[in-house]
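Data block below; observations after.
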Amino acid sequence: MPAMPSSPDSAQWTLAWTSRPASDLAFGEPVGVPRTGHTGRVWAIATAVVDGRPVAVSGGNDRTLRLWDLPSGRQIGRPFTGSGDYDHVESLATTVLDGRPVAVFAGGNNGIVRVCDLTSGRQVGEPFKGHTDWVTAVATTVVDGRPVGVSGGNDKTVRMWDLRSGEQIGEPFKGHTKWVTAIATTEVDGRPVAISGGHDRTLRMWDLRSGRRIGKPLRGHTYVVELIVTTVLDGLPVAISTGRDDGTVRLWDLRSREQIGEPFSGDTGFVRAVATTVLDGRPVAVSGGIDGKIRIWDLESRRQIGKPLTGHTDHVRAVATTVVDGRPVAVTGSDDYTVRMWDLSSGRQADESPGRHTGYVSSVATTVLDGRSVAVTGGYDETVRVWDLPTGEPVGDPLTGHTDTVTAVATALVDGRPTAVTGASDKAVRVWDLSSGTQTGGPFTGHTETVSMAAVLECDGRPVALTVTQDGTLGLLDLTTGRSAGISEHHEAVRNLAIGDQPTAITAGDGSDQVKLWDLATGNALGELPTGDAGAVAIATVNGRPIAATTDHQTVRVWDVTTRRRIGSDLHFPKPVLDVAISADGHVIVCFDRDIAVFER
């Protein structure tokens with residue numbers, strides 16, 4: 001068949017939703033709000049109660065404050081952006097001002113501290129001005145019935161502010177010889193005090209009534225004091241501090257101003273964030289660091305409780321704790337742009353971030369579940385997940401069973417029920433009932449290599465799964481009976497394959513630049529798409545029109561199969577594209593890196 005012109009159809013694709021910040025993608029305009037919210041690193045987190053509901057407040061490199069409803073995990077309202085004259089939100093704390101929950105925050109090199117009303121989302125009063133350099137730490141407390149904020153910064157000072165008037169209270173507290181990086185507040189023997197730490201490797205205590213330093217500096221850290229939190233241990237007021245490069249977590253008696261025991265032991269690395277709470281009646285600390293893991297520590301024994309909690313894919317910069325529905329939880333923020341909530345009793349993530357696997361997403365297929373279009377994805381985290389395409393929300397819990405990377409996903413109706421067929425690097429094929437979220441077949445273990453592709457077709461009126469392994473072996477599985485319908489050798493390895501419903505198939509060969517179209521009824525080739533090399537392929541019939549999608553490294557192209565013309569412009573991605581699918585209603589679903597993007601016309 002002669003080659004056809006490949007000039008694109010003029011109608012363009014638009015982004016419906018993505019799990020990655022939309023600003024990272026080089027196409028279209030986002031429809032709705034990205035599911036992860038922040039478009040930069042999350043630097044600071046605090047918790048509060050707003051309108052009777054527990055919430056988290058987060059801030060970061062995108063210069064916004066965002067409010068999250070903890071029971072549902074949803075963002076509340078629009079982000080607070082202020083006047084935009086600060087580079088980022090580096091530190092924040094929450095308190096109650098005249099009966100209204102507020103956040104006190106700072107960031108940028110202009111030395112300004114701000115207050116935001118968490119109910120209205122508006123700035124309270126004028127910014128607090130006094131610092132002459134970056135403000136890197138803030139805390140709140142009450143002194144003689146007056147709500148105050150305490151801040152520290154690169155001008156080596158600690159300052160106290162009247163949150164009602166915005167005026168600085170007294171003179172700056174001076175004593176640190178280098179930048180101040182951490183501040184916490186508490187009471188010691190009825191006196192309101194602040195504890196500050198910094199680049200001079202010391203902790204210093206300040207009497208907030210008199211404005212005077214209490215005793216000598218607390219020494220022990222061998223590098224920058226990154227963070228300080230306070231709690232009460234057996235009636236004793238204590239501080240917990242972390243060191244930036246010395247990787248230690250230390251406990252301090254605030255009455256005697258002495259270190260309690262040895263630093264916490266464990267593979268902590270660079271600890272960036274700590275918070276305290278009570279777990280099963282015992283005081284604990286929750287820490288996060290550059291390895292992306294969350295650790296829970298028993299403060300009495302100074303031992304780690306259980307294994308580290310994993311899920312973040314980059315540095316953890318912020319940790320806060322609260323109680324949700326009677327459960328102690330931790331809320332964390334990370335350089336992976338996500339805010340996550342953890343159930344500390346079970347040690348599990350309490351709110352899987354919508355649209356995110358915990359490893360690379362390697363395969364995707366689509367189907368209809370309860371009348372709604374859904375995507376089914378598999379990934380390096382060994383799970384299969386189902387997503388509602390209109391909303392991007394996960395449907396049910398992840399499907400688990402594979403013991404290695406899920407490398408292939410296909411969908412079909414079996415006895416009227418939506419079904420997924422998955423293959424993996426564990427060489428097994430599994431069959432899942434998507435309505436119940438249970439495995440209904442397998443594992444089928446006849447393959448001797450990684451199952452790299454899967455597709456479903458009808459053979460003599462029965463649904464059959466076609467699987468392909470890395471060595472080019474083809475397998476057929478009768479989905480009604482669960483029996484193998486034959487395995488054969490392919491004379492040339494097939495890199496990728498997809499089957500349409502007309503019936504048509506599209507294949508991409510390994511070692512050649514050919515993307516071929518096939519008539520499955522006759523076995524004859526229908527021709528080639530002028531796309532060159534392709535990594536992944538997909539085909540579907542949309543409104544009676546067969547369309548195909550092909551990938552080339554970080555690019556996706558969509559084609560009209562009949563005319564061989566491209567539909568819309570090429571779609572470009574910041575990371576390599578791993579798989580692509582087309583839904584019956586015309587959505588194009590793309591998996592790249594750890595993320596998913598969905599397009600519509």
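Just so you know, glycine gets a Cβ as well, placed from its N, Cα and C.
Model, not experiment: these values are computed from the prediction.
In TrEMBL this protein carries:
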type   : residues : note
REPEAT : 35-78    : repeat 'WD'
REPEAT : 128-171  : repeat 'WD'
REPEAT : 173-216  : repeat 'WD'
REPEAT : 240-262  : repeat 'WD'
REPEAT : 286-307  : repeat 'WD'
REPEAT : 309-352  : repeat 'WD'
REPEAT : 376-397  : repeat 'WD'
REPEAT : 399-442  : repeat 'WD'
REPEAT : 487-528  : repeat 'WD'
Any chance the repeat 'WD' (35-78) and the repeat 'WD' (286-307) have 3 or more Cβ pairs under 8 A, given the pairs are 6 or more apart in sequence?
no
Counting only residues 6 or more past its boundaries, what in the same chain has a CB within less than 8 Å of a CB in the repeat 'WD' (173-216)?
134, 136-144, 148, 150-154, 156-160, 222-230, 237, 239, 241, 252, 254-255, 257
Six or more residues beyond either end and a Cβ under 8 Å away: which residues meet both conditions relative to the repeat 'WD' (240-262)?
182, 186, 188-189, 193, 195, 197, 203, 205, 214-216, 218, 220-231, 233, 268-274, 276, 285, 287, 297, 299, 302
Mean predicted confidence [pLDDT] for the repeat 'WD' (35-78):
81
